[in-house]
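S.K.: Take a look at what TrEMBL says about it:
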type: REGION; residues: 1-35; note: region 'Disordered'
type: DOMAIN; residues: 42-176; note: domain 'Bin3-type SAM'
Amino acid sequence: SRPARGSSLKMAAPMSRESRGPEPGAAPYGNFPNYSRFHPPEGRVSLLPQGLLRSLFPTAPRPLLGLDVGCNSGELSVALYQHLLGLQDSNSSPEPPGGGKELKLLCCDIDPELIRRAQQSSPFPASISFANLDIMDAGAREPCLSSYLQRFGRSSFDIGFCMSVTMWIHLNHGDR
């Protein structure tokens, strides 16, 4: 059975006491705890053209502000940041000189445990922020996004990413 709207069942797929794996249907928002194991981030970002930010925003003020909705545990967000800035594919590299001046990402997910993992493992904490947020909840969305944008004196994001989330939003929130 599906959880009721507003249900607090939004965490990464829990384990049942009797089983050896996640309970079937236990990730109703697509918040699978090991999603990057079967969809490697590097393969996904390689489909984006090199120099995408410079071609889309040649004269835009910097830093560019990006919003990543449904970031899961952050692996794809980090790979996306590295790819967009043309950085080497190493998660162990330090914050790039000038990288934070070029691009800042706010990455959100409905699952607080996945956000905790993302925050703990991010190699770019000065440039990539992670927030526990149900993007469909206007009462939570507006203050979170506005607060982030105000830090940069801005009222909107330059670019948004919604990777592998549209089906889950549609299944749980319909066409509104």
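Note: Cβ is positioned from N, Cα and C throughout, glycine not excepted.
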S.K.: Considering every residue in the domain 'Bin3-type SAM' (42-176), what is the mean pLDDT value?
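M.R.: The predicted confidence over the domain 'Bin3-type SAM' (42-176), as a mean pLDDT, is 85.
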S.K.: How many helix, strand and coil residues does the domain 'Bin3-type SAM' (42-176) contain under DSSP?
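M.R.: In the domain 'Bin3-type SAM' (42-176), the DSSP-based counts are 55 helix, 21 strand, 59 coil.
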